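Annotated in TrEMBL:
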- 36-59: transmembrane segment (TRANSMEM)
- 56-303: domain 'Rhodopsin' (DOMAIN)
- 80-99: transmembrane segment (TRANSMEM)
- 119-143: transmembrane segment (TRANSMEM)
- 155-181: transmembrane segment (TRANSMEM)
- 243-265: transmembrane segment (TRANSMEM)
- 271-294: transmembrane segment (TRANSMEM)
- 344-374: region 'Disordered' (REGION)
- 355-374: compositional bias 'Polar residues' (COMPBIAS)
Amino acid sequence: MTTLSPEQRQALLEGPAGPPPPGQVSNLVDPPNLLVAGHTILLLFWSLASVSVAIRVYTKVFLIGVLRLSDCLRLSISQSTCLISQALFLAYFGPAWALSAAAPGVDQWNLRLKDYISMLYYFHVNSILYGICIFFIKLSIFLQLLEIFGQTRDYVYWGCHCCIWANFVFYFISTFVEIFSCHPLPKAWDVLITEGSCLNIDLLNVLAGAVNSVSDLTIVVLPQTRIWRLHVDLDRRIAVGTVFLFGVTACVASVVRVAYTVLLLQTTNNISYISYLAGIWTLPELACGIIAGCMPSMPKFFRNVWQSSIISKWRSYLQRSTWAQSQKATDVEAPARLVHSKDHWTRPEPYPLTSIGSRDSTVRDSTLTSPDCV
C-alpha cells in the first residue's frame with residue numbers, strides 16, 4: 001500500500017480499522033468506550049504509588065535518618081530530586097494516557113484506522129517502558145530484601161542475587177527484542193506498511209508475562225520463608241508477614257494480564273479492545289510493585305503519625321467531647337445520681353485514674369507492634 005495516493009491513504013485512515021461482525025454497523029462518531037474508567041484507573045494507581053514512595057522516603061530520611069542502597073536506586077536520574085521507578089512510572093503514564101484517549105477500549109470496527117495506528121504506536125512505546133520500569137521496581141525490592149534478611153549467605157541471600165541477575169538478563173533481552181521486533185521499525189504500529197517483516201511479538205508478550213508472574217511470586221515467597229522461622233510471637237510474625245504479602249496483588253494483576261495476552265494471541269478481529277484490557281492491567285501490576293517495596297516503611301510512618309502532637313490533640317479533643325456528651329446525657333436522664341452531702345454536691349470524677357498513665361501505656365504498646373522492617 002506504499003503506492004497509495006495521499007487521498008487514498010487519508011480515506012483509509014478515516015475509515016474503520018476492521019470490518020464489523022455480521023449484523024452490526026461501524027459507529028465511528030460516538031462508539032461505546034472505557035475512557036472515563038481508563039483515566040480513573042490511571043490516576044488512582046499513579047497517585048497511590050506516588051504517596052507510597054513519598055512515605056518511604058520520608059520514613060527513611062526523617063524518621064530513621066538512613067537512606068539505603070535500594071532507596072538510591074529510586075533517586076532521580078538528574079539532580080537527585082526524583083525516584084527512578086516513580087519517574088519511569090510517570091514516563092509510562094504519559095503514553096498510557098494518550099493510548100486511552102486514542103482508543104479507550106473501543107471495538108476495532110468502531111475505531112478509525114488512524115486512531116488504531118496511534119494506539120499501536122503508544123502500545124509499542126509502553127511495552128518498551130514496561131520492561132525497564134518493572135526491572136527497576138523488582139531490583140529495588142530484592143535489594144531491600146537483602147538488607148533486611150540477607151545478613152547471612154543463605155538461600156534468601158543467593159535467591160535474591162539469582163533473581164536480580166536473571167531479571168536483568170531477561171528484561172534486557174526482551175526490551176531489545178521489543179524495540180527491534182519489526183523491520184522497518186514503523187511497521188510495528190503502521191498497518192499500512194506492507195514491506196518488511198515482524199517477529200511474533202504477541203507470543204513474546206505471553207512468555208514475558210509468564211516469567212514476570214514467576215518473578216512476582218518469588219518476591220512474595222522469599223521473605224515469608226524467613227519470617228515464619230523467626231523466634232518471635234505468632235502475632236508479630238503474622239503482622240510482619242502481612243506487610244510483605246502485599247506483593248500478592250501484583251502477582252494477581254500479572255496473572256490477569258497474561259490471560260489477556262493469551263487471548264490477544266488468538267484474536268484477529270478485535271485487537272484494539274483486547275490490547276487495551278491487557279494494557280490496563282499493567283497499571284495495578286506496576287503500582288502494586290512500587291507499593292509493595294514501600295510497605296515495610298508503612299508501620300513506622302503510621303505509628304509516628306498516630307503519636308504526633310496534632311493527632312494526640314485531636315484524640316484528646318474527641319475524648320473530652322465524648323465524655324462531655326455522655327455526662328450531659330447522664331445529667332438529663334438520671335439527676336438522682338448526684339449525691340448531696342452536707343457541704344457540696346459531688347459529681348463523678350472528671351479525670352479518673354484510668355486516664356492517668358494511658359499515654360505511657362500507649363507508648364509502651366506501640367513498641368510491641370510489628371518491628372520496623374525498613
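For all residues, glycine too, the Cβ spot is worked out from N, Cα and C.
The shown structure was predicted, so the numbers you read here are calculated from the model rather than taken from an experiment.
Residues 124, 127-128, 131-132, 134-135, 138-139, 142-143, 145-146, 149, 188, 198-199, 201, 204, 208, 211, 215, 218-219, 222-223, 225-226 of the same chain lie 6 or more positions beyond the ends of the transmembrane segment (155-181) yet place their CB under 8 Å from a CB of it. Sequence-remote contacts of a segment are chain residues at least 6 beyond its ends whose Cβ falls under 8 Å from one of its Cβ atoms, and for the transmembrane segment (271-294) they are 17, 34, 38, 41-42, 45-46, 48-49, 52-53, 55-56, 70, 85-86, 89, 92, 96, 99-100, 103-108, 111, 116, 119, 123, 126, 130, 133-134, 137-138, 140-141, 144, 205, 216, 219, 244, 246-247, 249-250, 253-254, 256-257, 260-261, 263-264. Per-residue pLDDT, averaged along the domain 'Rhodopsin' (56-303), amounts to 84 for this model. Away from its own ends, the transmembrane segment (119-143) comes close to residues 68-71, 73-74, 84-85, 88-89, 91-92, 95-96, 98-99, 102-103, 111, 160, 163-164, 167-168, 171, 174-175, 178-179, 188-191, 201, 205, 208, 212, 215, 219, 247, 272, 275-276, 279, 282, 285-286, 289-290, 292-293 of its chain (Cβ-Cβ under 8 Å, at least six residues beyond either end).
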